[in-house]
Amino acid sequence: MSAVIPPLTLDSIRSVPKVLLHDHLDGGLRPETVIELAEAVGYDALPSTDVEELGHWFRDAADSGSLESYLETFAHTCGVMQTEEALVRVAAECAEDLAADGVVYAEVRYAPELFAERGLSLDAVVQAVQTGFAEGERRAADQGKNIRMGTLLCAMRQHARAQEIAEVAVRYRDAGVVGFDIAGPEAGFPPTRNLDAFEYLRTNNAHFTIHAGEAFGLASIWEAIQHCGAERLGHGVRIVDDLKSAPDGSVELGRLAAYVRDRRIPLEICPSSNVQTGAATSIADHPIGLLTQLRFRVTVNTDNRLMSGCTVSSEFAALAEAFGYGWADLQWFTINAMKSAFIDFDQRLDLINNVIKPGYAALV
Ligand SMILES: O=c1[nH]cnc2c1ncn2[C@@H]1O[C@H](CO)[C@@H](O)[C@H]1O
Ligand SMILES: [Zn+2]
């Protein structure tokens with residue numbers, strides 16, 4: 001008797017183990033939490049206090065065609081994340097929501113400086129978020145869903161605090177902070193503005209990724225890798241600008257694209273977010289199709305679940321529909337992500353061999 005392979009539906013995709021490397025804490029709040037926290041902290045600038053309306057508002061406002069206006073929506077999430085209680089709650093719910101979606105390992109990022117507007121110290125911010133993640137891991141485990149959370153600290157490209165944030169990341173490396181990133185507007189803020197921070201991190205054997213090749217092209221990717229030493233690329237989709245397709249269907253890789261593929265530099269691809277910021281025209285036309293075909297180290301991510309109304313499972317489902325992906329492809333994305341995580345090699349291997357592979361094998 002041949003094995004019955006279940007069809008890919010949102011529910012069946014939720015049931016398999018998934019790994020998420022690129023997700024912003026301040027882009028993943030539940031709309032009802034934004035409303036309740038706004039009331040609790042006295043934030044009165046929300047565009048709506050109706051749960052459904054507010055959820056729509058975030059998605060519509062982020063659906064702007066430009067990274068700069070997409071980023072404006074974060075004023076409202078950061079606005080309500082200015083107390084320790086709020087940060088603990090948001091972080092705990094983040095871990096719970098990801099676990100409910102079947103994510104078994106997640107690296108969630110945020111910029112501590114954005115939560116210090118009402119006087120919290122950077123240390124207090126980091127400690128509150130770690131407390132929340134641990135609480136969320138516990139609650140998820142109680143529901144039979146095991147998730148491990150890793151933290152990435154971001155510095156904002158437009159502020160000049162990268163060195164300071166990098167030092168915080170290294171200080172909390174044994175308390176769950178597994179790496180560093182720079183985020184914010186890409187055009188006009190090349191990653192080389194923060195060379196001191198990247199050199200500090202490399203000197204300390206610390207891991208970092210850089211948002212590059214989202215709203216700006218190859219120059220940004222080249223700087224991130226060759227000048228800054230990024231291990232992974234946040235988005236990195238514009239690497240397709242270094243690919244030449246011939247009429248016979250063959251594709252020629254430029255030197256940078258070849259370098260990225262040869263060195264297996266992970267691409268943290270976020271399909272829905274890219275459509276909203278204009279980095280891709282649609283899911284069906286998203287460069288992830290070609291990059292996957294060419295066997296770049298592609299990973300699939302949410303970026304901002306609130307702004308895109310997405311989960312890892314819904315991103316997988318959308319890609320499966322657009323490109324005809326099956327379970328083997330979803331497992332490939334998942335193992336790519338696990339291999340690219342910033343935790344120890346033996347722990348990555350353990351999750352691959354003891355959680356991910358058995359999870360997909362159990363399907364048939
Ligand atoms: O896709 C993105 N590109 C660049 N920056 C982003 C993106 N999504 C969110 N942020 C920025 O990262 C900060 C820390 O989490 C957010 O506040 C937002 O400003
Ligand atoms: Zn991002």
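Note that Cβ sites are derived from N, Cα and C of the backbone, with glycine treated the same way.
Keep in mind it's a predicted model, so treat the numbers as computed, not measured.
Of the listed candidates (HIS76, HIS211, HIS227), TrEMBL assigns HIS211 to the same Zn(2+) site as HIS22, HIS24, ASP303. Taking Cα separation as the measure, GLY184 (substrate binding site) is nearest to HIS211 of the recorded positions HIS24, HIS211, GLU214, HIS235, ASP303. Taking GLY184, HIS235, ASP303 as the candidate recorded positions, the subset whose CB lies under 6 angstroms from any atom of ligand 2 consists of ASP303. Sequence-distant neighbours of HIS22 (Zn(2+) binding site) (same chain, six or more apart, CB under 8 Å from its CB) are GLU107, ARG109, THR209, GLY234, HIS235, GLU268, CYS270, THR299, ASN301, THR302, ASP303, listed in sequence order. For the pair GLU214 (active site, proton donor) and ASP26 (substrate binding site), the C-alpha distance works out to 19 angstrom. Packing around HIS211 (Zn(2+) binding site) is summarised by its Cβ count: 29 other Cβ atoms lie within 10 angstroms of its Cβ, all protein chains included. For HIS211 (Zn(2+) binding site) paired with ASP26 (substrate binding site), the C-alpha to C-alpha distance reads 16 Å.
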